[in-house]
Amino acid sequence: MDERSQAFFRQLLDTPSPSGFERPIQDVVRAWVGEFAHEVRTDWHGNVIAARHPAPNQPSPMKIMYAGHCDQIALMVEHIDNDGYLYIQPIGGFDMQILLGQYFTVWTKSGPVPGVLSRRPPHLLTNEERNKVPQFTDVWVDIGAKDRADAESIVRLGDPVTYQLQYRTLRNGLAASPAMDDKVGLWVVMEALRLISQRNIQASVYSVSTVQEEIGLRGAITSTHSVAPTVGIAVDVCHATDTPGNDKKQVGDTRLGAGPVIFRGANINPRVFDLLESVAQTHKIPVQIRGVPRATGTDANAMQISRDGVATALIGIPNRYMHSPVEVVHLDDLVNAAKLLAEFALAVTPEMDWTP
Ligand SMILES: [Zn+2]
């Protein structure tokens with residue numbers, strides 16, 4: 001991985017971006033991509049759109065949009081009790097059993113406030129409590145406040161709470177962090193623009209850092225409308241199935257480090273798929289193929305049914321332990337996905353017909 005691009009990746013992971021609270025990460029994106037883009041704009045929803053044209057101020061009628069969502073799952077402070085404990089509700093999808101006993105950070109107006117989330121120790125639980133999965137109303141975030149007034153002196157209702165942001169490298173090129181979903185995809189679409197900026201393209205490329213994907217693909221809806229692309233490719237994490245217990249007959253065989261996944265199915269334009277596959281072959285970029293027999297739960301779904309329909313594809317970065325604080329990816333898969341998107345853009349000409 002290019003050294004500066006790697007620093008950008010780490011910066012994305014170190015910056016909180018709960019859905020609806022994406023400004024800090026969009027600041028990071030704007031600061032980095034400006035150098036490689038012909039234009040960078042932010043819409044009122046908060047999406048950052050960075051464009052590269054065949055020449056400055058000369059957009060091509062053939063527009064390609066790459067979308068990586070910048071938001072991450074998080075919690076929100078809904079109630080502070082008299083003892084100063086914070087009660088939270090989820091922003092996006094959580095597995096409650098993974099929350100217990102974790103370090104969290106409350107992102108307040110005056111900065112990050114450390115906290116822990118737990119429940120009573122096993123010795124003090126009733127038999128019934130011990131055997132059931134707790135609900136959000138059964139757990140709390142403890143910031144060490146003396147009482148409600150003390151907590152309220154720093155925390156406001158509606159403040160977002162994330163897992164403690166922390167990056168760890170594992171063996172053999174693997175890395176773990178909260179919110180690999182989808183900071184890896186965000187990194188890929190911006191890295192693709194950097195690679196393209198050193199070459200001559202015939203299409204215009206719009207790399208978009210979309211907001212609020214985790215709560216209903218919302219940023220992809222608004223940004224696809226405004227970019228009005230011909231071709232749209234979303235980059236998001238997908239489940240690696242190389243961990244114990246997965247039924248490959250049902251979920252396929254997707255491995256970390258074996259390349260980004262190119263999806264097939266109703267959510268994917270077959271001509272875009274064909275070009276992605278042939279570009280991968282030509283440039284010897286390893287890829288994995290996977291079928292999805294329905295609409296995907298990604299920005300690719302919103303993109304495809306925007307306006308009169310967009311020729312859409314989806315690239316997956318294999319990910320273990322999705323929506324946990326220890327999401328694991330292989331860094332080579334990110335690098336190869338960025339290469340694939342860059343080579344794809346270089347292969348697109350204004351005359352291409354994407355009619356399925
Ligand atoms: Zn995602």
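Each residue, glycine too, has its Cβ placed from N, Cα and C.
Automatic, uncurated: that is what TrEMBL annotation is.
Among Asp181, Asp247, Asp253, Asp274, only Asp181 appears in TrEMBL as part of the Zn(2+) 2 site alongside Glu214, His323. Of the residues His45, His53, His69, TrEMBL puts just one in the Zn(2+) 1 site with Asp181, Asp236: His69. Across the fold, the C-alpha of His69 (Zn(2+) 1 binding site) and the C-alpha of His323 (Zn(2+) 2 binding site) stand 14 Å from each other. Cβ-based crowding with a 10 Å cutoff singles out His69 as the top-ranked of the binding-site residues His69, His323. Glu213 (active site, proton acceptor) carries a helical DSSP state (H, G or I).
A Cβ distance below 6 Å to any atom of ligand 1 is met, among the binding-site residues Asp181, Asp236, His323, by Asp181, Asp236. Taking the C-alpha atom of His323 (Zn(2+) 2 binding site) as reference, the shortest distance to any of the recorded positions Asp181, Glu213, Asp236 belongs to Asp181.
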